[in-house]
Amino acid sequence: MLTLYGTELSSRLLLGTARYPSPAILAEAVRRSKTEIVTVSLRRETAGGKAGGAFFELIRDLGVRVLPNTAGCHSVKEAALTAKMAREVFRTNWIKLELIGHQDTLQPDVFQLVEAARILTEDGFEVFPYTTEDLVVGEHLLGAGCKVLMPWCAPIGSAMGPQNIPGLRAMRAEFPDLPLIVDAGIGRPSHAATVMELGFDAVLLNTAVASAADPAAMAEAFANAIDAGHGGYLAGLLEPRDMAVPSTPVIGKGVFA
């Protein structure tokens, strides 16, 4: 089981809700992924007026837990205001905290991120911070009250997959008992399996599913890959070797002079 802020979950896949071809396809993707948490951008959906209301109704009908985010925010003040609005709309203290520092890479502004996390935690929020794999930043986020970290593995929407596996591995080693969710940059089910094999607890996806030729089928493929990667990690993966090692035993074989 995955436990996030005291909530036990069976699925290790968190699914974003943006950019799907239609609400019906989104709903089918959520169902086939078996996710229990979807992320929602309050800023985008409230701007949709009546369409936004229909979207919220769809999410409620799916029976999944909502993790609102502060996507598009560039300042502590902006993120805090968005988080408070999300709490009123969705009636949850959960917030995925995003504070973008660079427009081209969508890299998080980790300095403002720590400040915002502290402010929101003190206001009763349970913060899921979108961050980098930097260990020092991670320590500061824990000091600010976060009990989950969400490091990227590549820029948002890039589909490049994990770009710094040693850094991700170091993060897992540094925070062995903390829930770590890889967020951003996953493009293929194999990418998701790779980070789960490193010992990460879950993966958050959006573009890789929503922009697929068949989003619902891709959601199911990712769910299977995540389960496979996690299962492999628990089973104990064979470490790579520089030289060959015979897999066939030689005991009992005849010796020819």
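Placed from the backbone N, Cα and C atoms, the Cβ positions cover glycine too.
These numbers come from a predicted model, not from an experiment.
Annotation comment: Swiss-Prot describes Lys96 as active site, schiff-base intermediate with DXP. Marked as 1-deoxy-D-xylulose 5-phosphate binding site by Swiss-Prot: Gly157, Ala184, Gly185, Asn206, Thr207.
Reduced to three states, the DSSP call for Lys96 (active site, schiff-base intermediate with DXP) is strand. In this structure, Gly185 (1-deoxy-D-xylulose 5-phosphate binding site) belongs to neither helix nor strand by DSSP; it is coil.
Report note: the 1-deoxy-D-xylulose 5-phosphate site is defined by Gly157, Ala184, Gly185, Asn206, Thr207, and the residues of the same chain whose CB lies within 8 Å of the CB centroid of those residues, excluding them, are Gly16, Ala154, Pro155, Ile156, Ser158, Ala159, Ile186, Gly187, Leu205, Ala208. Taking Gly157, Gly185, Asn206, Thr207 as the binding-site residues under consideration, the smallest Cα distance to the residue listed as 'active site, schiff-base intermediate with DXP' is found for Asn206. For the binding-site residues Gly157, Gly185, the largest tally of other C-beta atoms within 10 A is found at Gly185. In three-state terms derived from DSSP, Asn206 (1-deoxy-D-xylulose 5-phosphate binding site) belongs to neither a helical nor a strand segment and is classed as coil. For the binding-site residues Asn206, Thr207, counting C-beta atoms within 10 A of each C-beta gives the highest total at Asn206. Residues near Ala184 (1-deoxy-D-xylulose 5-phosphate binding site) in space but far in sequence (CB under 8 A, at least 6 apart, same chain), listed by position: Leu106, Tyr130, Trp152, Cys153, Ala154, Pro155, Ile156, Gly157, Ser158, Leu204.
In the three-state DSSP scheme, Gly157 (1-deoxy-D-xylulose 5-phosphate binding site) is classed as coil.
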